[in-house]
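> Okay, these came from TrEMBL:
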- 98-506: domain 'Amino acid transporter transmembrane' (DOMAIN)
- 1-49: region 'Disordered' (REGION)
- 101-123: transmembrane segment (TRANSMEM)
- 129-153: transmembrane segment (TRANSMEM)
- 190-213: transmembrane segment (TRANSMEM)
- 225-241: transmembrane segment (TRANSMEM)
- 247-268: transmembrane segment (TRANSMEM)
- 338-358: transmembrane segment (TRANSMEM)
- 382-403: transmembrane segment (TRANSMEM)
- 424-445: transmembrane segment (TRANSMEM)
- 451-474: transmembrane segment (TRANSMEM)
- 486-519: transmembrane segment (TRANSMEM)
């Protein structure tokens, strides 16, 4: 479950109850490992010198005695130290624990802003101005609250650290129920996102090449599948960085690129003339009452899916050192607050500006397609190419952080069975295998994004509902108190919203259908 904790017992225990004999220490202290070496289970006892007690009683030894007394007082004040599971020192998420608030901000920005934000104006076509802005604001506040809950739950009162969402779920709901509730959603949010990033990144690479090459280019163009191969190879090369802390620079580049393409797209969209025939009326297919209701559910799902990354929060916090005086939640929350100020500055202009610019003519694929569809003739190739380039860079960067839980899980199975760290060649093999598997799924199931609402509805409680229930089960707030009622209300509402989004997705598939074509990416 969580990482083990040794509680300091400052009362000496003597052997066989004799007071004259030397006290036997009942604890060992272990600081978090910075290497891949396992933490020893025991420290060999050193034979005591007969001159030790005499030396400690001399005036020369008084500074040493003061230091020991001072250290003993510090240990009593601290109360406990975190003792890492030896296996955690071998896994890519917890292998390095020298993270800080800056790393937290970089990772949160990279994982929190994605191409799913570019479809936010589509939700406004159903909700309209007022309800669209209200829903987006409430969702932002709601997911910020559940983020705060997860950050607080990362360390229990006993000092145990839950550096993976699945472990926290198992600690709260029990081992079997916790796995049932969290295993598939977290793996889908990691693996499924990587598959989608291959589709988006590879497809955008193709568009970028077409912009650079132009209509008169004589170079033979690659097919969509071949661009997927190029993107996957680049992602696998970047994936050789060993652990989550080592990709902080990659996350920084991903965050900058995400902010760049969001800003470029909405600025270009509102600065150009609006397409002819755009309006802010309800779409024609939603004139029936049933259609309005399910379109409303789908719109709420689009807004909820815009806020992602909750399945990575505990993992990011797990890369930080922690003590009672300086718990990891302090720098983590600082980084998250800064990151989400930037995220809000990206998402709200995209949603509001995109809806203002295109109205009901916004394509179902989102703002990037709208930019190329309506403004290719009046926008410079430089801006169009730059936008496509930063989307590719962001996709490559996001792939790394979303794939890290999968890498961690693969290595955990090996280290658990073999009781030793993965050799470098096997670690590289695991990452290449996952990249190839994600590529295969992207090619074999090109219609997978059409099922995003259906599968995403199952994963939605990871963000909005489960943290509230876990807070109640672990923290045990006063029954019928304000916090107790708030978390129950938000948790139940999150589950209801998940069911509503699932219903809307099923209705959409039943009404409009999906184009199922295997091994034929567009």
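Including glycine, each Cβ sits where the backbone N, Cα and C put it.
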> With a Cβ cut-off under 8 Å, give me the same-chain residues at least six positions beyond the ends of the transmembrane segment (486-519) that come close to it.
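Distant Cβ neighbours of the transmembrane segment (486-519) are 142, 145-146, 149, 285, 290-291, 294-298, 300-301, 304, 443-447, 450-451, 453-454, 456-458, 460-461, 463-466, 468-469, 471-472, 477.
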> Would you kindly check 101-123, 190-213, 247-268, 424-445, 451-474 and say which stretch has the most C-beta pairs under 8 angstroms to the transmembrane segment (338-358)?
101-123
> Any contact between the transmembrane segment (129-153) and the transmembrane segment (382-403)? By contact I mean 3+ C-beta pairs closer than 8 Å, pairs at least 6 apart along the chain.
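No; fewer than 3 Cβ pairs under 8 Å.
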> Taking 101-123, 190-213, 225-241, 424-445 as candidates, which has the most Cβ pairs under 8 Å with the transmembrane segment (247-268)?
101-123
> Near the transmembrane segment (225-241), which residues from the same chain, at least 6 beyond its ends, have a CB less than 8 A from one of its CBs?
194, 197-199, 201-203, 205-206, 209, 247, 250, 392, 395-396, 399-400, 403, 407, 428, 431-432, 434-436, 438-439, 442-443, 521
